[in-house]
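The structure under discussion appears below in the form of structure tokens.
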């Protein structure tokens with residue numbers, strides 16, 4: 001437990017020479033607004049916003065290069081509040097700095113329809129770079145932002161001296177004890193060191209208090225030493241009021257261009273609340289009227305007034321608007337000089353900012369003849385990437401140590417990273433395109449989000465579908481933000497085979513389809529895979545993340561597949577003898593490797609004079625977004641005899657087959673065997689589909 005003497009020492013102010021009384025008043029105003037806002041809401045997190053007031057003020061008013069009038073400015077520094085529970089740390093700065101929030105928004109904290117929700121939300125509040133709240137995600141995504149910054153520099157201004165390009169900027173992060181405890185930050189921080197991300201500066205709010213109180217009960221490591229071991233540049237600043245130490249640490253971090261920087265800032269949560277300071281009660285609850293009043297007295301505020309902001313304080317802090325405009329104008333001159341020097345790269349930037357694809361980008365997409373050699377859809381995906389890679393320099397990505405299995409490597413490109421990490425297999429270049437995430441699936445998901453949020457490139461990452469479980473928090477957050485991340489998930493069923501049930505996805509398709517706004521795309525063959533990539537890349541901006549689900553095993557190249565049908569999510573692959581004058585007797589709906597089973601079953605049923613429609617349904621989400629007229633044309637409401645076939649749990653198919661339909665599925669874990677044996681033993685055969693069809697017809 002921190003002693004009273006330590007608290008006294010850690011709360012002694014140290015201000016730079018140009019710090020004024022107005023600056024101190026602004027910092028105290030931040031503290032009072034935090035207590036008032038949480039008190040009015042009845043819940044929230046006041047303590048961190050109080051103790052981090054000097055840091056937040058120093059960053060927003062004295063450090064960050066940003067423009068309140070243009071929060072999408074290409075040259076801005078990025079700020080990530082990984083400690084999203086302390087949303088007031090960010091909201092109050094957005095108010096003081098003139099980014100669009102007003103005092104009434106602070107008063108409306110955590111209420112219906114407000115622009116100040118409990119945790120910061122991307123697009124919901126101007127000036128928020130990323131949705132945070134699930135701890136660890138922000139720091140991990142900031143690693144992606146730093147990687148994106150370097151890659152984009154390579155696209156647009158690779159020959160500029162360090163710090164001399166209009167594309168050079170910093171990524172600042174505030175992380176909490178909780179962030180540090182989350183595993184995703186360990187994964188991402190390790191990779192950040194490998195990548196030598198000198199543009200990433202992380203402030204660790206080391207207050208040693210969480211909801212359950214003193215973190216001694218859960219966190220006893222030397223965190224600074226851990227980050228030194230990763231290979232970060234590490235500094236320790238004693239005291240949250242130590243603005244001199246904070247600014248010196250920032251200057252030192254900027255000078256350490258060969259590695260990311262970690263600044264451990266020892267703060268006292270809830271300062272200067274008289275009785276709840278340095279307690280868990282200051283972390284996640286309103287302080288109470290008496291404590292708020294006492295805090296105001298300590299700071300020289302009228303305890304009977306709420307949300308009090310001196311006119312000279314807001315005038316002073318809104319000076320950031322003019323300073324930001326001036327910084328933007330200086331940058332604009334550098335940018336225009338660059339544009340004159342680099343017209344071709346400027347044209348590329350314009351295309352990417354307009355979110356357009358170049359003419360003919362898909363002209364070389366591979367096409368496979370029906371009944372040609374069978375091919376795994378993961379292999380087809382790899383062929384697609386290598387075909388479109390030369391035309392889409394904005395597309396980059398890799399795998400969580402499964403590149404050869406996921407087929408995620410674009411042919412003939414370097415790996416992304418400092419040349420010193422090159423191996424016999426891979427040549428690394430600062431601006432390479434192939435990403436090596438290592439066995440860090442969770443970090444990969446968050447890093448992909450950071451890359452896409454930073455903009456304007458497109459990033460993808462691959463692993464086995466079973467390991468999407470490790471990525472789920474990042475995938476959900478990407479879906480919440482509606483950002484265009486691409487996940488390549490291969491080895492998509494018991495068809496994985498001999499590795500056995502630990503690696504065989506069973507419930508994963510249903511679990512992923514349960515995530516709102518995530519599109520789960522499972523193509524039936526090589527051509528549907530190419531069509532899926534075309535659709536994914538051609539969709540409009542902010543269409544949400546996509547999971548591309550691919551087979552390990554080879555599958556036939558089918559007749560009748562088409563790009564428009566894939567783009568619509570589901571379509572009639574074959575009608576088995578029916579015509580407009582005759583509806584099918586039964587509809588077989590299938591995805592992925594099971595479409596071939598439906599096609600084979602259709603032929604067997606035709607021998608029995610049963611008219612069968614086969615519907616390929618690569619993406620349920622895309623299909624359900626189509627007009628009713630189209631959906632009814634594919635699945636006529638008058639045909640209630642329906643069978644769905646998918647090598648996963650049946651959970652999501654009931655709504656399409658109805659109460660009278662049947663689902664050929666797997667409701668248990670698999671075993672270690674070759675995929676042919678598993679499919680046969682688990683009933684994924686044409687004969688099993690025929691039996692299901694006959695049963696629904698009998699009913």
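Cβ coordinates come from backbone N, Cα and C, glycine included.
Per Swiss-Prot, these features apply:
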- 45, 283, 378, 405, 491, 499, 552: substrate binding site (BINDING)
- 45: site 'Important for catalytic activity' (SITE)
- 48, 85, 133, 134, 135, 178, 207, 283, 467: thiamine diphosphate binding site (BINDING)
- 177, 207, 209: Mg(2+) binding site (BINDING)
- 283: site 'Important for catalytic activity' (SITE)
- 441: active site, proton donor (ACT_SITE)
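Residue 209 (Mg(2+) binding site) falls within a strand segment according to DSSP.
Non-local contacts of residue 133 (thiamine diphosphate binding site) by the CB criterion (under 8 A, 6+ apart in sequence, same chain) comprise 84, 85, 118, 119, 120. Put plainly, the binding-site residues 135, 209 were compared by Cβ crowding within 10 Å, and the winner is 209. When the recorded positions 177, 283, 378, 405, 441, 491 are screened for a C-alpha within 10 angstroms of the C-alpha of residue 48 (thiamine diphosphate binding site), the residues that qualify, in sequence order, are 283. Cβ contacts within 10 Å of residue 405 (substrate binding site), excluding its own Cβ and spanning all protein chains shown: 15. Cα of residue 491 (substrate binding site) to Cα of residue 135 (thiamine diphosphate binding site): a distance of 30 Å. It is 499, among the recorded positions 177, 441, 499, whose Cβ has the fewest other Cβ atoms within 10 Å in the structure shown.
Within 10 Å (C-alpha to C-alpha) of residue 283 (substrate binding site) lie the following recorded positions from 135, 209, 441, 467: 209. Across the binding-site residues listed here (48, 207), the residue whose Cβ sits among the most other Cβ atoms within 10 Å is 48. Residue pair residue 467 (thiamine diphosphate binding site) / residue 441 (active site, proton donor) shows a Cα separation of 7 Å. DSSP assigns residue 441 (active site, proton donor) to a helical segment in the three-state reduction. Ranking the binding-site residues 135, 177, 207, 209 by Cα distance from residue 378 (substrate binding site) puts 135 first. Each of the binding-site residues 378, 552 was scored by the number of other CB atoms within 10 A of its CB, and the lowest score belongs to 552. For the binding-site residues 177, 405, 499, a Cα-Cα cutoff of 10 angstroms around residue 207 (thiamine diphosphate binding site) retains 177.
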